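S.K.: My questions will all concern the structure given below.
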Amino acid sequence: MAGEQLQVLNALDVAKTQWYHFTAIVIAGMGFFTDAYDLFCISLVTKLLGRLYYTQPDSMKPGSLPPNVSAAVNGVAFCGTLAGQLFFGWLGDKLGRKKVYGMTLMVMVLCSVASGLSFGHTPKSVMATLCFFRFWLGFGIGGDYPLSATIMSEYANKKTRGAFIAAVFAMQGFGILAGGMVAIITSAAFKAAYPVPAYQDNAAESTPSQVDFLWRIILMFGALPALLTYYWRMKMPETARYTALVEKNAKRAASDMSKVLQVELEAEPEKIKEKGENKGNDFGLLSKQFLRRHGLHLLGTTSTWFLLDIAFYSQNLFQKDIFSAIGWIPKAETMNAVEEVYRIARAQTLIALCSTVPGYWFTVALIDRIGRFAIQLMGFFFMTVFMFALAIPYDHWTHKDNRIGFVIMYSLTFFFANFGPNATTFVVPAEIFPARLRSTCHGISAASGKAGAIIGAFGFLYAAQSSDPKKTDAGYPPGIGVRNSLLVLGCINFLGVVFTFLVPESKGKSLEEMSKENEEEENTEVGQDNRTVSV
């Protein structure tokens, strides 16, 4: 027989949208704003790092980071993020969401500042210290994924829970936008203060020593929004679901949520005791019971996030081609160092404004109307369609007259990634697992995604190189070419469509209904159909 829902949890499920919901979105969302800023701002300054530390005297072109250094600088934060998602996800279930939430924020603040203070007497030592601090920055960012999603899902009502979790994730779009705007403002200020010639006119003077401060300022600015929300994170009470279902403290759960909801709530310690005596609901992550109930669900959330991030992060491969094609970024030698930062930042800001940000907010508006499953399936489907539409007639798109069409198709793949699996893969793992394993399972799903991101960002950077050794970028071995890389990505997106069928629909259901925490063990095989194979 299904157990009764605790009054405090039922009150959260049926609560009308209130001020505390928006407060929670902002507090959790500012973490994601910072995450996106810190992860993506490095792409704005890698060209500048190449000019500052790797320009060869008498070279016709400005310096660029060697492939191995570029991969390390861009990718080390992803490696840290993967480790942080697993560690802090597990810790969030052991110590509580609130305790760990403050830790992740302080790691992010300290490592953002430290990244900008990277030191050394040689280019190699500067890059090594930068990579060291960015790994630990990524470690802190990784913790924000499972904790922000879990906290928001446990605070939200069941009617608009999807929109609230998606709104937290959508702050990523504003973080990317802010990164571009900070780089535009700082580079414009440096341009005005240090007017210098283009590289082709005077190579030595085109990169003044003062611009070493420019990349450091851009990286360090990421500490500010995180620092501003630290106090409010510490003021948030522990979620009632963790306090009641994991810590078994009915009195504190009722007291905390009475203040938040501004209603009187009964503690109901006898129900907590009854749930504690139900041995069918105390299984661990590696148990047969977990495998039977949630095994396919975890496979669904990990595989779809993994496949999505391969495609999503590999799309950055084509940005430089697109920016050059529509004249946003001239050839490097025709600009000075600061001008190049300005042009790259302007291009990234326009892409974020036109396709990245709108996609996120379409998901927020519609996720509780049409459901997670429909949005994810549609997103993967259209990403597949547009990727094949770019790949099959690839030669057609390389002609100058057709490049605007290429840009439109490329922007649409970004739009349907964000109005699709990029948002839903973050939302669903926070809704379908038991409270005592929720943060851990979200961390595992997110870490799987970051493994895909590492493959997407770096595996395809090598794969997309021309098969002709004479046409590859400096330092790279021959690959399979852009067209074949796009075909592979199209197939990966199609696999995303297939694995989406393992993910249950959670629209309009309580967290306990999805995780079956109120059901006795003998009844777990029977009952509601979550639209996927019974596990």
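Note that Cβ sites are derived from N, Cα and C of the backbone, with glycine treated the same way.
Whatever TrEMBL says is automated annotation, not expert-curated.
Since the structure is predicted, the reported quantities are computational estimates derived from the model, not experimental observations.
Per TrEMBL, the features are:
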type     : residues : note
TRANSMEM : 20-49    : transmembrane segment
DOMAIN   : 24-508   : domain 'Major facilitator superfamily (MFS) profile'
TRANSMEM : 69-88    : transmembrane segment
TRANSMEM : 100-119  : transmembrane segment
TRANSMEM : 125-143  : transmembrane segment
TRANSMEM : 164-193  : transmembrane segment
TRANSMEM : 213-232  : transmembrane segment
TRANSMEM : 373-392  : transmembrane segment
TRANSMEM : 404-423  : transmembrane segment
TRANSMEM : 443-464  : transmembrane segment
TRANSMEM : 485-504  : transmembrane segment
REGION   : 510-535  : region 'Disordered'
COMPBIAS : 526-535  : compositional bias 'Polar residues'
S.K.: Are there at least 3 C-beta pairs under 8 angstroms linking the transmembrane segment (373-392) and the transmembrane segment (213-232), leaving out pairs fewer than 6 apart in sequence?
M.R.: no
S.K.: If contact means at least 3 Cβ pairs within less than 8 Å, sequence distance 6 or more, would you call the transmembrane segment (100-119) and the transmembrane segment (20-49) in contact?
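M.R.: In this chain the transmembrane segment (100-119) contacts the transmembrane segment (20-49) - 3 or more Cβ pairs sit under 8 Å.
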S.K.: Using a Cβ cut-off of under 8 Å, list the residues of the same chain at least 6 residues beyond the transmembrane segment (404-423) that approach it.
M.R.: 166, 169-170, 173, 304-305, 308, 311-312, 315, 318, 322, 325-326, 351, 354-356, 358-360, 362-364, 367, 375-376, 378-380, 382-383, 386-387, 389-390, 397, 496, 500
S.K.: Cβ under 8 Å to the transmembrane segment (443-464), counting only same-chain residues 6 or more beyond its ends: which ones?
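M.R.: Apart from its flanks, the transmembrane segment (443-464) reaches 71, 74-75, 78-79, 81-83, 85-90, 92, 142, 145-146, 298, 301-303, 305-314, 316-317, 425-426, 429, 476-477, 479-482, 484-485, 488-489.
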S.K.: Using a Cβ cut-off of under 8 Å, list the residues of the same chain at least 6 residues beyond the transmembrane segment (125-143) that approach it.
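M.R.: Contacts with the transmembrane segment (125-143): 34-35, 38-39, 42, 49, 53, 65, 69, 72-73, 76-89, 91-92, 100, 103-108, 111-112, 114-115, 118-119, 443, 446-447, 450.
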S.K.: So which residues does the transmembrane segment (164-193) touch in its own chain, when a touch means Cβ under 8 Å and the partner is 6 or more beyond its ends?
M.R.: 21, 24-25, 28-30, 32-37, 40-41, 44-45, 148-149, 152-153, 155-156, 210-211, 214, 217-218, 221, 225, 338-339, 341-342, 344-346, 348-349, 352-353, 356-357, 359-361, 363-364, 367, 418, 423, 426-427, 430-431
S.K.: Could you tell me what the rest of the chain brings near the transmembrane segment (373-392), counting residues at least six beyond its ends with Cβ under 8 Å?
M.R.: 304, 308, 311, 363, 366-367, 406, 409-410, 412-413, 416-417, 419-425, 428, 483-484, 486-487, 489-490, 493-494, 496-497, 500, 503-505, 531
S.K.: Compute the average pLDDT of the predicted model within the domain 'Major facilitator superfamily (MFS) profile' (24-508).
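M.R.: 86, rounded to a whole number.
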